[in-house]
Amino acid sequence: MQQNEKASLNTSAAAAKAGSYTGYADVYDFWYYHQRGDGLTVNGKPSYTTDKAVSEGLTRPHTTWNGDNVFGKAANLTYSFLNTFSSTPNGHTGPVKFTPVQMQQAKLSLQSWADAANLTFTEVSPNQKANITFANYTRNADGSLNTDTQAYAAYPGTHPVSGSAWFNYNQSSIRNPDTDEYGRHSFTHEIGHALGLSHPAEYNAGEGDISYKNSAAYAEDSRQFSIMSYWEVENTGGDFKGHYSAGPLMDDIAAIQKLYGANMTTRTGDTVYGFNSNTDRDFYTATNSSKALVFSVWDAGGTDTFDFSGYSNNQRINLNEGSFSDVGGLKGNVSIAHGVTIENAIGGSGNDILIGNGADNILQGGAGDDVLYGSTGADTLTGGAGRDIFVYGSGQDSTVSAYDWITDFQTGIDKIDLSAFRNEGQLSFVQDQFTGKGQEVMLQWDAANSTTNLWLHEAGHSSVDFLVRIVGQTAQSDIIV
């Protein structure tokens with residue numbers, strides 16, 4: 001949605017909510033879900049935009065494998081799995097070589113960072129010098145078993161331990177990162193450090209009384225926005241039901257792209273995320289309805305689709321960059337990185353809300369009572385079974401030169417919601433022609449093609465420039481005015 005249409009959402013909200021129930025009210029509430037920046041204070045903390053979270057949070061070390069304060073330059077890096085070591089930088093001992101399962105999961109974590117930024121990773125043998133090294137430890141410096149720590153890593157640099165990543169093999173999640181999501185999450189987190197990313201604020205495990213309340217410098221410091229954060233998603237209104245991300249999230253993607261540049265070769269074709277995924281990435285793929293998805297999308301091109309058709313939960317799906325969606329029974333678990341356009345969305349069998357963007361979207365609600373809002377662009381909207389509402393927020397949403405199609409309208413069951421136009425005056429219906437006074441709606445039935453044209457002449461406009469084309473016949477009682 002363009003900025004002036006966002007303003008239209010603001011000015012129309014009160015008018016829409018003043019009447020009977022409207023789908024527009026749902027769209028408005030969802031549109032401002034996780035609004036950030038703009039001088040907001042959330043949880044008693046300043047709200048940061050992604051750019052500010054990157055500059056003042058995640059990239060505070062100002063270091064990359066290309067040198068200090070060298071940003072936006074690609075890096076070709078090596079990595080290895082150490083056979084042994086005498087002690088870690090923190091004095092831990094008891095080396096255990098990475099298992100084949102750990103190696104596989106670490107490589108998947110490396111791949112997720114390379115998808116987002118201009119990074120390549122080449123494995124070398126344990127006796128060769130590598131930029132990033134992986135090893136397990138088991139004991140403290142005094143020889144006692146270490147059961148307290150999880151993992152840690154060093155930033156890039158020229159020191160012998162630079163880029164080293166260390167993992168506590170006594171932790172079940174570290175031993176079994178293929179079945180325990182927190183293990184894979186930890187691998188990706190520590191690799192983030194080895195690439196130059198910090199925690200979003202000045203805190204580390206084991207250093208003082210740290211918590212979201214005490215330690216987070218800004219509101220969005222949680223595992224909903226960044227895999228580099230320590231803090232649970234509930235602090236920022238999310239609910240992952242105990243699940244963890246495997247790849248970098250919205251703010252991480254922006255941060256790693258600041259350090260090494262955006263990878264513009266990643267998924268440039270027509271990519272499907274969720275069910276029927278062709279991403280070849282496990283965390284973007286749902287194979288059944290019990291699969292919990294937690295991800296942020298980086299996608300460099302093509303005509304792309306969010307397919308969440310296999311879920312029966314009520315879902316809220318937003319295709320705008322920088323947005324969050326509630327998918328598969330979780331809250332705020334799917335996001336779209338800045339600079340990404342996802343064109344299409346498919347809902348499931350619950351009562352879903354789908355919001356499009358400025359592209360020519362294809363939105364499919366599926367079964368259930370759905371609310372579809374295409375926003376600007378020439379959109380194709382299919383409600384599916386159930387009592388669906390097709391929402392329009394301003395005259396820009398469906399113009400004479402770029403009109404929407406509603407493909408399966410059921411008269412007497414579905415609704416078209418024009419309540420957002422109330423802020424310009426009450427709408428009225430005309431039969432055969434407009435009077436010129438504005439705020440008039442006309443339905444034009446085309447019997448030969450079994451379609452209806454919905455025209456709207458807005459107040460203050462010299463000509464009629466709003467048009468929606470509908471497959472099937474539509475009555476005045478189907479329109480919310």
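Cβ from N, Cα, C; glycine included.
Annotated active site per Swiss-Prot: Glu190, in sequence order. Just so you know, the Cβ of Glu190 (active site) picks up 24 other Cβ atoms within 10 Å once every protein chain is counted.
Annotation for His193 (Zn(2+) binding site): same-chain Cβ neighbours under 8 Å, separated by at least 6 residues, are Tyr152, Ala153, Ala154, Tyr155, Ala165, Met228. Annotation note: His193 (Zn(2+) binding site) sits in a helical segment as assigned by DSSP. For His189, His193, Tyr230, the entry in Swiss-Prot reads Zn(2+) binding site.
The Ca(2+) 1 binding site feature in Swiss-Prot is assigned to Arg267, Gly269, Thr271, Asp299, Gly301, Asp304. Listed in sequence order, the residues of the same chain lying 6 or more apart from Arg267 (Ca(2+) 1 binding site) and placing their CB within less than 8 Å of its CB are Asp115, Thr279, Trp298, Asp299, Ala300, Gly301, Gly302, Asp304. Under the three-state DSSP scheme, Arg267 (Ca(2+) 1 binding site) falls in the coil class.
Cβ-based neighbour count (10 Å, all protein chains) for Asp304 (Ca(2+) 1 binding site) stands at 24. Residues annotated as Ca(2+) 2 binding site in Swiss-Prot, with similarity to another entry given as evidence: Gly302, Asp304, Thr341, Glu343.
DSSP assigns Asp370 (Ca(2+) 3 binding site) to coil in the three-state reduction, outside any helix or strand. For Gly348, Gly350, Asp352, Gly365, Ala367, Asp370, the entry in Swiss-Prot reads Ca(2+) 3 binding site, with the evidence type similarity to another entry.
Sequence annotations record features per position, and here Swiss-Prot assigns Ca(2+) 4 binding site to Asn357, Ala359, Asn361, Gly374, Asp379 based on similarity to another entry. Under the DSSP three-state reduction, Asn357 (Ca(2+) 4 binding site) is assigned to coil, being neither helix nor strand.
In the three-state DSSP scheme, Gly383 (Ca(2+) 5 binding site) is classed as coil. The feature Ca(2+) 5 binding site is assigned by Swiss-Prot to Gly366, Gly368, Asp370, Gly383, Ala385, Asp388, with similarity to another entry given as support.
Among the features that Swiss-Prot reports, Ca(2+) 6 binding site is placed at Gly377, Asp379, Asp397, Asp404, with the record citing similarity to another entry. Cβ environment of Asp379 (Ca(2+) 4 binding site): Gly356, Asp360, Asn361, Ile362, Leu363, Ser398, Asp404, Trp405 lie under 8 Å away, each six or more residues apart in the same chain.
The Ca(2+) 7 binding site feature in Swiss-Prot is assigned to Gly384, Gly386, Asp388, Asp414. Within 10 Å of the Cβ of Asp388 (Ca(2+) 5 binding site) there are 27 other Cβ atoms, across all protein chains.
What Swiss-Prot lists as repeat 'Hemolysin-type calcium-binding 1' is 346-363. Proximity of distant same-chain residues to the repeat 'Hemolysin-type calcium-binding 1' (346-363), defined by a Cβ-Cβ separation under 8 Å and at least 6 residues beyond the stretch ends, is recorded for 1-2, 26-27, 30-31, 274-275, 305-321, 323, 369-382, 384, 386, 402.
The repeat 'Hemolysin-type calcium-binding 2' annotation in Swiss-Prot covers 364-381. Within the same chain, residues 1-2, 5, 23, 26-27, 309, 314, 320, 344-358, 387-393, 396-398, 402-407 sit at least 6 positions outside the repeat 'Hemolysin-type calcium-binding 2' (364-381) and bring their C-beta atoms closer than 8 Å to a C-beta of that stretch.
Mean model confidence for the repeat 'Hemolysin-type calcium-binding 3' (382-399) is a pLDDT of 97. The repeat 'Hemolysin-type calcium-binding 3' annotation in Swiss-Prot covers 382-399.
Here the binding-site residues are Gly301, Gly368, Gly384, and the one whose Cβ sees the fewest other Cβ atoms within 10 Å is Gly301. Of Asp352, Asn357, Ala367, all annotated as binding-site residues, the residue with the shortest Cα distance to Ala385 (Ca(2+) 5 binding site) is Ala367.
Nearest neighbour of Glu190 (active site) by Cα distance, taken over the binding-site residues Thr271, Asp370, Gly384: Thr271.
Of the recorded residues, Gly368 (Ca(2+) 5 binding site) and Gly269 (Ca(2+) 1 binding site) place their C-alpha atoms 31 Å from one another. Closest to Asp388 (Ca(2+) 5 binding site) in space, going by CA atoms and restricting to the binding-site residues Gly269, Thr341, Asp352, Gly377, Asp414, is Asp414. For Ala367 (Ca(2+) 3 binding site), the nearest of the binding-site residues Gly269, Gly384, Asp397 in terms of C-alpha separation is Gly384. Using a 10 Å Cα-Cα cut-off around Asp370 (Ca(2+) 3 binding site), the binding-site residues His189, Thr271, Gly377, Gly384 reduce to Gly384.
Taking only the Cα positions, the spacing between Asn357 (Ca(2+) 4 binding site) and Glu343 (Ca(2+) 2 binding site) is 8 angstrom.
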